[in-house]
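Here's the structure we're looking at; comments come further down.
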């Protein structure tokens with residue numbers, strides 16, 4: 001009963017924020033981040049547009065299919081991906097209903113790509129779009145996805161993977177700040193960050209089987225800085241500390257372990273931790289280490305070939321194993337003075353001071369505030385109106 005009372009109170013607060021003039025977007029962000037997120041799809045239909053500052057008064061008409069499909073260079077690939085997306089629809093849904101939604105899904109994707117020729121389709125994009133379609137319906141989904149694609153997802157939609165790789169490079173510095181032991185173990189295993197690629201580019205939609213968990217995360221990500229999904233990825237790895245450290249310390253084993261995401265994660269506490277970490281170690285502080293990681297990451301794992309393999313959801317273990325062997329042979333030749341200094345020897349500055357704070361979960365109000373503030377600073381190549 002206590003839970004129901006809390007829920008009722010939260011619903012009332014959300015509607016109060018929606019009905020205030022002007023709409024209290026900061027309060028809506030807090031609600032989306034705090035425990036339980038936005039609670040119902042009915043509320044999401046009202047709040048998601050506000051979080052993305054999309055005006056729902058003049059929505060574009062639903063995209064028309066036929067000429068879109070004839071004109072699009074991406075149609076065949078989108079069609080294949082959408083056909084493969086059966087498990088993203090609710091288990092008991094009748095086939096004919098699902099087929100209608102799949103057609104709408106194709107049209108939304110082609111419509112956004114047609115209106116934004118600078119965006120490039122990638123495999124996994126449909127996992128994000130289908131989440132919006134199922135929650136808010138095709139017309140609103142089209143508007144929200146277009147906004148999201150030109151903002152939060154912009155880096156994934158470049159012609160190359162460079163910016164996506166750059167974002168993945170934040171993963172290890174975050175882990176290092178919180179748990180140097182896990183970080184050093186992963187470095188020794190040379191596992192790289194490919195295991196988190198599909199998490200990042202689908203906002204976990206591709207890897208979580210329970211739709212409720214997916215939309216709960218979307219509430220969180222929509223309310224936050226575009227880099228929040230990588231903090232969430234780090235928190236999942238940290239949560240699995242014991243499994244990681246018990247694993248064989250080699251690339252294939254650690255990659256295999258980490259790429260199988262557990263379905264019973266304690267989402268609320270992980271969301272709260274990701275928010276805390278963001279406040280303690282904002283991207284601006286980690287940027288230098290991420291750049292160093294890119295420098296040090298001349299390992300095979302970061303080459304585009306592997307990314308291609310990973311993104312077609314094949315298991316890159318065999319490739320990685322083969323590269324790992326080549327690398328070992330190379331290193332045997334390098335034994336001796338000229339072997340490069342490991343980046344593990346970098347000084348661990350004021351880590352313990354920061355870790356002392358870890359015990360005190362930052363009140364989410366503060367986290368939300370910091371997250372919103374920093375979102376405004378995140379504009380290497382976005383226009384600045386990511387957030388109102």
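Each Cβ is built from the backbone N, Cα and C atoms, and glycine gets one as well.
A quick note: this is a predicted structure, and the numbers were derived from the prediction, not measured.
In TrEMBL this protein carries:
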- 38-225: domain 'Rab-GAP TBC' (DOMAIN)
- 191-208: transmembrane segment (TRANSMEM)
- 220-238: transmembrane segment (TRANSMEM)
- 352-372: transmembrane segment (TRANSMEM)
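Sequence-distant contacts of the transmembrane segment (220-238) (same chain, at least 6 residues past either end, Cβ-Cβ under 8 Å): 28-30, 32-33, 37, 48, 51-52, 151-152, 155, 167-168, 170-171, 174-175, 178-179, 182, 186, 196, 199-200, 203-204, 244, 258, 261, 265, 270-271, 273-275, 277-278, 283, 368, 371, 374-375, 378, 386. Averaged over the domain 'Rab-GAP TBC' (38-225), the predicted model reaches a pLDDT of 93.
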